[in-house]
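The Zn(2+) 1 binding site annotation in Swiss-Prot covers CYS135, CYS138, HIS159, HIS164 and is backed by sequence analysis. According to Swiss-Prot, the feature Zn(2+) 2 binding site maps to CYS305, CYS308, HIS329, HIS334, an assignment based on sequence analysis. If you look up Swiss-Prot, you'll see CYS477, CYS480, HIS500, HIS505 marked as Zn(2+) 3 binding site. As annotated by Swiss-Prot, compositional bias 'Basic and acidic residues' applies to 37-52. The compositional bias 'Polar residues' feature in Swiss-Prot is assigned to 370-390, 1040-1049. According to Swiss-Prot, the feature phosphoserine maps to SER623. Look at Swiss-Prot and you will find 22-55, 362-443, 1040-1059 tagged as region 'Disordered'. Annotated region 'Required for homodimerization and nuclear accumulation' per Swiss-Prot: 1083-1168, in sequence order. Taken from Swiss-Prot, the feature zinc finger applies to 114-171, 284-341, 456-512, 557-614.
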Amino acid sequence: MEDKQETCPKGDSDFVSDKVNFKTEEDDDQTPCHSLEQVDFKSESEDMRQTDSGDEQADIRAASCACQPSGKFLAAESEDDYGSLFSQYSSTLYSVAMEAVTQSLLSSRHISSRKKSPAWKHFFISPRDSTKAICTYCMKEFSRGKNEKDLSTSCLMRHVRRAHPTKLIQENGSLSAGSSFSPPSLLLPPQPADVGDLSTVLSPVRLVQKMAPKIPSPDQIMEESVTVVSSEELSSDVSVTEKYSREEALAGSSPNLSMLHYDDASETMADRNLSLPKSTSGSRRRSAVWKHFYLSPLDSSKAVCVHCMNEFSRGKNGKDLGTSCLIRHMWRAHRSIVLQENGGNTGIPPLYPMPPTLLPALLPPEGDLNSASLSPGKQVKESPSASSSPERLPEDLSSHTNPGDVSREDVSMLSSSDDLGEASVVSSPEKQPADTVNPRFESGTVFQQNKKVMRRLKSEVWHHFSLAPMDSLKAVCRYCSCVISRGKKGDVGTSCLMRHLYRRHPEVVGNQKDFLGASLANSPYATLASAESSSKLTDLPAVVRKNHQGVFPTNSKKTSKLWNHFSICSADSTKVVCLHCGRTISRGKKPTNLGTSCLLRHLQRFHGHVLKNDVSEATLSRSPGIRRPLGIELSGPSSFRDSTEKFYDSHPVAKKITSLIAEMIALDLQPYSLVDNVGFNRLLEYLKPQYSLPSPSYFSRTAIPGMYDNVKQIIMSHLKEAESGVVHFTSGIWMSSQTREYLTLTAHWVTFASAVRPHCEDHHCSALLDVSQIDCDYSGNSIQKQLECWWEAWVTSIGLQIGITVTDNPSIGKMLSEGEHSSVQCFSHTVNLIVSEAIKSQRMVQNLLSIARKLCERVHRSPRAREKLAELQKEYELPQHQLIQDVPSKWSTSFHMLERLIEQKRAVNEVSIECNFRELISCDQWEVMQSVCHVLRPFDAASREMSAHMSTLSQVIPMIHILSRKVEMLFGETMGIDTMLKSLKEAMASRLSATLHDPRYIFATLLDPRYKASLFTEEEAEQYRQDLIRELEILNSTSEDTATSNGCDSGSPLKDTGTEESLWSLAPIKRDQREKLPEDMVLAYLEEEVLEHSCDPLTYWNLKRSSWPGLSTLAVRFLGCPPSTVPSEKLFSTPMDAGSFGQPRLMMEHFEKLIFLKVNLPLICFQY
């Protein structure tokens, strides 16, 4: 085979051709009508080949130049056909490679030093890099060495021995059978009887590569292709009979050249093409899955699904490609297609005898069929392998069908098929019947064929759904009219639709035949099917038929019986809520990897009796002779999803729904008669038909009182965790819209390590303890008795101490001071009094507020003014805000009203003029308004700062200093409001001077690491430091007395329980009797740097508990008290303004419990 090579110029056309020998044999064992004609191509291209005999050269010239049929050589028309065939490759992914291969072979004919090895019969030099070679069988590139001076063919031969061993066997056989002058031809093995045999075939790429040396140049190929195609276009008006006669004559001129016959589904006629001989080299694209995929025209390592047109990778590199991803995609996304094609047969369909072609068929643009004459894609007429469907066309589609006879119904397909018009599609060439005649068909017919096959492969789920008219990515259920998304653009499927059927309409699924039968056992999807079925057996009862053993494939994640006891948390999908105790349990950290192990452990630990009931029911369901409805089997033995049986009262789902309804009554302060409302009952009947709603008396006598007792016990357990054993309070008198007055008491404490709230970074805790109605003519004694009663029930009875009580009512504060209870005034209430006095002190400011108030009221009442204001806001690009109407008794609302008017100044002026308002704001008034806002802004910020949840008493003194300095600065920054500023200064001095010298505020400020002694003078700092040391000594003495009373005497000797004399008593023990003195702790604390204002002081003292335990306890006593009652007032502001506490709606004896639940349920995170 390495002998000689012949260079044979071709007359005038300069066509260089090697010897091409075609030897065809027919398989006599096959039926004459279905005989498979086979062709063997053998080509040899050696650089230094000696000249053959003159007769042989003459024959080659006659075959290549004169184009006359001669024996075993190719005819001219056949050569033109091959030119047209090869022209298809020039515009595809492989066209560049093929042209480069041709040029490389033609240009390197006279180079004899590098291609003497037998490896060059299977490789050619890469046109991009001369140190690399490309395999002619698999088109993979291999390196021959690092530099051009040291090149070898060891890697090349190794690749041939490993990847293509049969090529070497064929080569050796041909050497023994023939001579060097007469190239031998390989005899094709007989066609096996089993069509599904996995015998290997010769790839079309090899065909192209073996014939590449016969290609003169890409330009000549294109010219010949144009000639052939143009002649076909011009003769389009010729009758079909004449076309057949011409083809038969051409076939008769070269009887030894056999052709493949393919089934034409659109015209039931055949097209001729060259047959590819079988090989034993082992093609990688022979799997049955290639009926549903074709190779991507842009990347040969990827495949495109013909159903959803999605692209999938077959491997990371070109050396390790497979079909596992393709099989997995078909099983997950198009399972119904797989089951449909395997459901009626005893095995998988026969595999392809040939791999799919690597090149796509290029469809011409619509309406311009002639434009394809210059495109290699026109070759689509020659081979049905260019069809967009990889599956063998069914016999029922082989009737005479013309492109114009395609019905409009064929166009309305799955929405995924709408994207096929733009895609270049390739099928897997399958063996077709050989007794049919194959005329050339138009590209439009191919596209219509594709649509017909696509519709036949349409998923069965579309019998139950229809595409949404407004959005093609969604489908509408035919039973419940629900709109379900099919995925994102470019990645649509039917998984969500199947899941909807299994969850909402299992009875429809039950009426269908088994989707997974025994016929799927031998298919590529058997592994996936068996794995999925085995994973479902533990959670889903098997639905077994007489003749089929399998389960319904379901994608639902809630098939486990555990979901009868849990529901997915609405706030976080990775967590679930137990229907028995209401606890939140995590299912995993990653949303893509969630499980039910934690759910099972929770039931085993806290609700073991529930699992026992499930086991007994499961045993009953598995008893012979008992058949359960399909819906109950699919959703678990304890599920009542599709059953008409009502829940019993102790059922976990019924108990959870009843508890949620009771929560709704408490949180929204709804009357108990809500459960009798028709609309509410209809809603529950639709959401959960198996649930029976209890009567109103059940909620008023059982549900709400029981919930109140549970929440009260939880609040008590929280109070026991208070640090330093001190609880602070806020108390006040709250008036409802019914002119009823209520006394409230709210507790505030600090918790560092809570067993109820683990991993909680917020150390500030609060809870509403009680609410009680009082008479309008209440006295201080009655309030004191009520508070003493509450403190005894909530605080002193569990060993806690009563701390500081913050109130905005002067009478309550006076009463507490007389009763030896520590109390302070609400800072926010004091600021309100100061600002209100300052506003009333200057008449001009009052007149300005009156004008602004009337102007805003007119705009709110006039639709014309509102529309004009909106137009001017758009014209002047102002914020689209409405004007604010203030409440005269609340200065903060007046401040926000003035700020909004200044923001909309330009629009407000024009609206006032165009709408003829009597209230017009002058330029001087606008300036005064800005000055008033400038003064009120720091006081508004101070009120909001001190009303925050984490604010403490330590912030009061720093805030007073800040406001005093700001007022001094405002005298030079404002105009026209000096009287107001003087009133502010005097009111602050009279109302806040006592606070600056209050030891409780001073200690709180010193113990706050953000301030310490930075706000005091040196004399004051030294005095307050000594006071703090004495306070700490008093606290230590109290704690030592408590420790001695508990029996923890440090001086008592240690005694061994085992013997009277302990050996350890002989060891010398040295104890450090020197403990940290209060003075040392205080000095060490004050010497540290001051922290930033954003830091939490309680977090700081939590870290210092081990270093300074006594000082940390003292700090918690003062820093745990809030400076304002506003946080407590916010809990009652909404119902008071809504005016929903009418006597007909709520019974007064129940109102106290409802308001208690309304406030505390969110505070304990509904864990009761």
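Any Cβ shown, glycine's included, is placed from N, Cα and C.
Fair warning: this is a prediction, and the values are worked out from it, not measured in the lab.
Structural mapping of features recorded in Swiss-Prot.
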{"residue": "CYS135", "record": "Zn(2+) 1 binding site", "Cβ neighbours (10 Å)": "21"}
{"residue": "CYS138", "record": "Zn(2+) 1 binding site", "Cβ neighbours (10 Å)": "18"}
{"residue": "HIS164", "record": "Zn(2+) 1 binding site", "Cβ neighbours (10 Å)": "20"}
{"residue": "CYS305", "record": "Zn(2+) 2 binding site", "Cβ neighbours (10 Å)": "20"}
{"residue": "CYS308", "record": "Zn(2+) 2 binding site", "Cβ neighbours (10 Å)": "23"}
{"residue": "HIS329", "record": "Zn(2+) 2 binding site", "Cβ neighbours (10 Å)": "21"}
{"residue": "HIS334", "record": "Zn(2+) 2 binding site", "Cβ neighbours (10 Å)": "22"}
{"residue": "CYS477", "record": "Zn(2+) 3 binding site", "Cβ neighbours (10 Å)": "18"}
{"residue": "HIS500", "record": "Zn(2+) 3 binding site", "Cβ neighbours (10 Å)": "21"}
{"residue": "HIS505", "record": "Zn(2+) 3 binding site", "Cβ neighbours (10 Å)": "18"}
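The residues of the zinc finger (456-512), classed with DSSP into helix (H, G, I), strand (E, B) and coil, number 21 helix, 14 strand, 22 coil. Restricting the average to the zinc finger (557-614) gives a pLDDT of 79. Comparing C-alpha positions, CYS135 (Zn(2+) 1 binding site) sits nearest to HIS329 among the binding-site residues CYS308, HIS329, HIS505. Between the zinc finger (456-512) and the stretches 114-171, 284-341, 557-614, the greatest number of Cβ pairs separated by less than 8 Å involves 284-341. The binding-site residues shown are HIS164, CYS477, CYS480, HIS500, HIS505; of these, the one with its CA atom nearest the CA of HIS334 (Zn(2+) 2 binding site) is HIS500. When the C-alpha distances from HIS505 (Zn(2+) 3 binding site) to the binding-site residues CYS138, HIS164, CYS305, CYS308 are tabulated, the minimum falls on CYS308. The separation of CYS480 (Zn(2+) 3 binding site) from HIS164 (Zn(2+) 1 binding site), Cα to Cα, is 58 Å.
CYS138 (Zn(2+) 1 binding site) sits 45 Å from HIS500 (Zn(2+) 3 binding site), taking the CA atoms of both as reference points. Note: the CA-CA distance between HIS159 (Zn(2+) 1 binding site) and CYS305 (Zn(2+) 2 binding site) rounds to 31 Å.
Note: the CA-CA distance between CYS305 (Zn(2+) 2 binding site) and CYS480 (Zn(2+) 3 binding site) rounds to 31 Å. A simple way to gauge crowding: the CB of CYS480 (Zn(2+) 3 binding site) has 9 other CB atoms within 10 angstroms, across all the protein chains here. One way to see the shell of the Zn(2+) 3 site is to take the Cβ centroid of CYS477, CYS480, HIS500, HIS505; the remaining same-chain residues with a Cβ within 8 Å of it are HIS464, ARG478, TYR479, CYS482, ILE484, LEU501, ARG504. Shown in sequence order, HIS122, THR136, TYR137, LYS140, VAL160, ALA163 are the same-chain residues outside CYS135, CYS138, HIS159, HIS164 whose Cβ sits within 8 Å of the Cβ centre of the Zn(2+) 1 site. Sitting within 8 Å of the Cβ centre of CYS305, CYS308, HIS329, HIS334, and not among those site residues for Zn(2+) 2, are the Cβ atoms of HIS292, VAL306, HIS307, ASN310, MET330, ALA333, GLY493.
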